[in-house]
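Notes for the one structure printed next.
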Ligand SMILES: *Cc1c(COP(=O)(O)O)cnc(C)c1O
């Protein structure tokens, strides 16, 4: 499609956008009396309007039913989390029984590593990307030390090539084959938080498993953003947070996926608690753990209902729209943003370098050569919420649920003013 950098053109795209009406499902911060242009859905998604009712319902049930709410609330609390698994399974391409919702992301990755990182003999190594998200680095280092190993010997980082801003699949595969029999686990971010790159998870998973390693994915930036087929890709495990593209609220509950191959097993190492044992016998308070035949076996505690209620509200929206329609709009809106950046680039002296490769989801990371943090401050003051990373990289993530084509056009104009008026 031939794009135009004009308000009329952007408005026409909005008029033809089947998801345009979902903008009204969300609440926007205001700057100068106007809704902001929100590019940080990759960090904290906006609040869906319907979320409040879900939380209010739980508060009301707690008031009116108290302990009876576990069984007699309209959505009983004792299996409330299972409602989330149904919709999440569609979002990540898994079977319902392969999904659970619990804890938070880093906690869950640690718990999953109890099962899937079992260093033995010379098979001790973990493959990850260089400069992985800091929490993941701390997690991997501390896991190595927990097993009495030296993180420097355990962690194998795949580097980008000199002068390039992205990872090449062939370099990842070469590294997997090079480490070979010493590789215990591949654990990487499926969508990189910094450059927005989507890794070829299917190919990498296959290669990792072929050398006998377990393969897991941190999908913090992947879930609700890109097409995932975790089950068909034969991924062993994955975890994600729900507050980025999933719009479930700050620090909210994490989701996990465990391949059905590992379900219903008593002999897999795992940290266990009463919410992972079979429902039928749970309240008999027996001493022996009998794992539920779903990923809930990894669940330790009874879930915080007030926290997962917003997640359910958000998942309802995902279910209504479907990932296919979201991804369809995402591709268009990101392409339009890329076009706008190109047009503005021609009109100013600084140069924009998009460091996100073509394998991408919602995010464009842009190196603003010749600019500084003051540009970021200008954007914020003028109602454009972005994320700034040293050196001079802004991350722009126009989430298809609540960003419009007009937002992209207006952003271009504000960006141009910010650069020309400095
Ligand atoms: C956002 C993010 C996290 C956050 O972890 P929490 O445990 O939710 O604080 C972890 N890993 C990656 C790759 C992320 O992008």
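A Cβ is built for glycine as well, from the same backbone N, Cα and C atoms used for every other residue.
Remember, TrEMBL labels are computer predictions, not curated facts.
Some features that TrEMBL has for this protein:
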{"type": "BINDING", "residues": "105, 106, 133, 134, 135, 136, 218, 221, 243, 274, 302", "note": "pyridoxal 5'-phosphate binding site"}
{"type": "MOD_RES", "residues": "244", "note": "N6-(pyridoxal phosphate)lysine"}
Other CB atoms within 10 A, centred on residue 105 (pyridoxal 5'-phosphate binding site): 25
Nonlocal neighbours by CB distance (under 8 Å) for residue 218 (pyridoxal 5'-phosphate binding site), same chain, sequence gap 6 or more: 105, 109, 133, 136, 187, 188, 189, 190, 238, 239, 240
Secondary structure of the residue listed as 'N6-(pyridoxal phosphate)lysine' (DSSP, helix/strand/coil): coil
Which listed residue (133, 302) has most other Cβ within 10 Å, given these are binding-site residues: 133
Residue 244 (N6-(pyridoxal phosphate)lysine) and residue 135 (pyridoxal 5'-phosphate binding site), Cα-Cα, nearest whole angstrom: 16
Residue pair residue 302 (pyridoxal 5'-phosphate binding site), the residue listed as 'N6-(pyridoxal phosphate)lysine' - Cα distance, angstrom, rounded: 24
Max CA-CA distance, Å, over listed pyridoxal 5'-phosphate-binding residues 105, 106, 133, 134, 135, 136, 218, 221, 243, 274, 302: 32
Helix, strand or coil at residue 135 (pyridoxal 5'-phosphate binding site) [DSSP, three-state]: helix
In three-state DSSP terms, the structure that residue 105 (pyridoxal 5'-phosphate binding site) belongs to: helix
Other CB atoms, at most 10 A from the CB of residue 243 (pyridoxal 5'-phosphate binding site): 23
Surrounding CB atoms that lie within 10 Å of the CB of residue 244 (N6-(pyridoxal phosphate)lysine), all protein chains: 27
Residue 218 (pyridoxal 5'-phosphate binding site) in three-state DSSP notation: strand
For residue 302 (pyridoxal 5'-phosphate binding site), the three-state class that DSSP assigns: coil
